[in-house]
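Features as listed in TrEMBL:
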type     : residues : note
DOMAIN   : 28-245   : domain 'Anoctamin dimerisation'
COILED   : 43-77    : coiled coil
DOMAIN   : 248-825  : domain 'Anoctamin transmembrane'
TRANSMEM : 251-284  : transmembrane segment
TRANSMEM : 337-357  : transmembrane segment
TRANSMEM : 422-447  : transmembrane segment
TRANSMEM : 467-489  : transmembrane segment
TRANSMEM : 516-533  : transmembrane segment
TRANSMEM : 633-654  : transmembrane segment
TRANSMEM : 689-709  : transmembrane segment
TRANSMEM : 782-811  : transmembrane segment
Amino acid sequence: RQSGRRYNLFLKRRLRIDKRHQSKDSIFFRDGVRRIDFVLSYVDDLNKEWEKKLERRKEFESNLQKAGLELETEDKKESEDGKIYFVKIHAPWEVLITYAEVLNIKVPIRENDIPSTVENPLDCILAPLRLPERVMHPEPDYFTAPFSKDKQELYLINDESTFFSPSMRNRIVNYILTRCPYGTEEGKKKFGIKRLLNNGTYSAAYPLHDCQYWKKANDPNCDNERYTLYMEWARFLRFYKEQPLDLIRKYYGFFFFFFFAWLGFYTEMLFLAAVVGLICFLYGLFTMDENMSSKEICDPAIGGEIIMCPLCDRECDYWRLNTTCESSEYSHLFDNVATLFFAIFMGIWVTLFLEFWKRRQARLKYEWDLVDFEEEQQQLQLRPEYEAKCTQKKKNPVTQEMEPYLPITSQAVRFCISGTTVLFWVSLIIASMIAVIVYRLAVYAAFASLMENTQTLQPISGLLTPQLATSVTASCLNFVIIMILNFLYERIAIWITDMEIPRTHMEYENRLTMKMFLFQFVNYYSSCFYVAFFKGKFVGYPGAYTYMFNRWRNEECDPAGCLIELTTQLTIVMAGKQIWGNIQEAIVPWICNWWGRRKARNNPENLYSRWEQDHDLQIFGALGLFYEYLEMVIQFGFITLFVASFPLAPLLALMNNILEIRVDSWKLTTQYRRPVAAKAHSIGVWQEILNGMAILSVVTNAFIVAFTSDMIPRLVYYYAYSESEDSPMSGYINNSLSVFQISDFPDRNKPKMNPENFVICRYRDYRYPPDHERKYLHTMQFWHILAAKLAFIIIMEHVVFVVKFFVAWMIPDVPSDVKAKIKREKYLTQKILHEYELEKLKERLCQGDKQATEKEFIATEGRMELSRAM
């Protein structure tokens, strides 16, 4: 039987090969002429809704043909698994020119004759980083104008089949698919491919890649752009090369073009921040042995003789200050004078980054004819879901046409539900953060007892202190909670945004972006804010400690400060997020594709068709690029909001981004279906979010330097309280620790044992000793330090903000040469259009009504003269 089945399978394959001599790895219809612009697939499952789905497909495909599209169906017998039907769609010339006018697509009218900019003198040095000219500029630069069916002679139409690029073609077809009706159900008109995909009528809808990524297509008409992108962009060994942005724009559209242009520019700018951060870190490393604070802590005659008060109630013992010797030495790596310099530098760097990006964006917009891109054009294009769900209509004041609208009462109810849901989830994050804080407080005593009583941990007890052990485990736990909450909230955010029924695609993206960013901001940064601004600030003092929920004693900072703990928290969350993100983005899609294609690997190429190959790839959803932006903006927050605590953060981000660009390009080129091209003119609302974070970063870093690091207390001691001229910082540790009389401990706080009969213990604060008349109240030095901290915050903020605004004012958003080119191109384009109209009028003058056209001719000539004068 098995041999018979194999023979039948062999005959079936043989018949399929004989039926079609050419390879099925083609992007054309069976006639080899008409290009496949889009593919729909479905499975004929004989369930109770089979007839309804069949009726929807018939109606939908009939309406597509009425709209002018041409269809060709591949029977399921021709598919690899014998179950899937494929409907191939071709947009003929008449359809393309009709919708090119509707979508206001710009097309070439004349090759650009404006001289290119002066060559960069560093070009010879940067030559190894450059890509070949054919890759960087796959087509000439043109003057363009919005397409109009009435002016076809004006455009450079050499070949109708290639005049519109594949990305333009799939954008036009997708526009038709999202608006094509398929019937009426429950008294409502139903339309759009998205709804048909959701209800299972079709299983997939996608445009085709033009070839396999690892080899060129056999068809001489194929551009092989996917292969070029893989070879020149998506391989990691090309990490040092520039990105082929023009080819990315041509193949994937402007939406992807702007993301990779921004990510590449961000990575370039990170190089400067990473170098300065590394220098600051090396300064801390080389001056570690000169740090007087850690010397005193490590000195047996000073730190070894200072007895510190217990760090938890009852269970913890008294301890000697020199047990924290190693952690205090390491804290100097990040808590030194270079920290202040780096915080100010990053405040200026972030301004330079945003201002120079505006200039780069203006140049890109000019180069690809997006200067006149009208957001209103997108505003006028309603989302199909909005049109489907809104049954009431009113006149649009702009178009003067009747269109669907959502009543104010319905909007108010939906916004209330949405706002309540977002607040609930933000509250859930805060609750989870409080749970992690409780964990910190609850396990600290356990770690302290474990490390004291376990002999095997004694060799590392100097490095792994109870504070550090608690901080590391709490950071890991916090990271796991962050990932779980992210997974859940992503789905909630999409659901509530869908429920709001935004009017346009731009509105939808902006609302979802703000919801997701607000959540991610609280989720990722709340733990860092806690360590930076709350831990160790509300501890009280021995005998009068403050408690959370009247049960858990608040955490204290290490004697060397809380900055090293903030560094630990930041490193674990930032590095963990980047590693997990790359696993999700690269490894998971690769495994899914490998599993899906395992049966097809041994089949002949001419049986495994191009549409089947792409069908087996992963789906790059409409929000795929949204998540990429969100990932990078969260990273931007880590390297700006808390960079004063970790100068190596920009270096980590730089290394991640070099990998990120190649991982994103690799997965997009090899593991995902080709996404539908979309129009964009900038990075959108993300620009405003980056601006907001840049301003907030100045405030957070000023507070970190003032309240989290030991910079200000040291400076106050150096200038006002030091008693030694030869070594001004000697005695600082003793000065920064207050004295407590052990007999004053209440029973709740008093340790169970005091084998060495200590009389006094020390704690980190500035309070009067027990024999003073103002016993345990804050000393004058405390108020001097507080005043110095507040003064520092005000001065640093004002200095950095003044420099920021001055730099922003000095650097124009649009380069002067780009402004001149825009004016020149507008003038030349108008001239070309006017000359064309003049020629048409001359023809009409010879043929038609002289009186009517003479006036028109004179008016057109006058308009040309006026244009020249302007």
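A Cβ is built for glycine as well, from the same backbone N, Cα and C atoms used for every other residue.
Whatever TrEMBL says is automated annotation, not expert-curated.
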Beyond the flanks of the transmembrane segment (689-709) by 6 or more, those residues with Cβ under 8 Å of it: 335, 339-340, 343, 346-347, 350-351, 354, 513, 517, 531-533, 537, 561-563, 566, 633, 636-637, 640-645, 789-790, 792-793, 796-797, 800-801, 804
Any contact, the transmembrane segment (251-284) to the transmembrane segment (422-447), with at least 3 Cβ pairs under 8 A: no
Non-local residues, at least 6 beyond the ends, that sit with Cβ under 8 Å of the transmembrane segment (782-811): 343-344, 347-348, 351-352, 354-356, 359, 694, 698-699, 702-703, 705-707, 712-713, 715-716, 720, 765-767
For the domain 'Anoctamin dimerisation' (28-245), mean pLDDT (0 to 100): 86
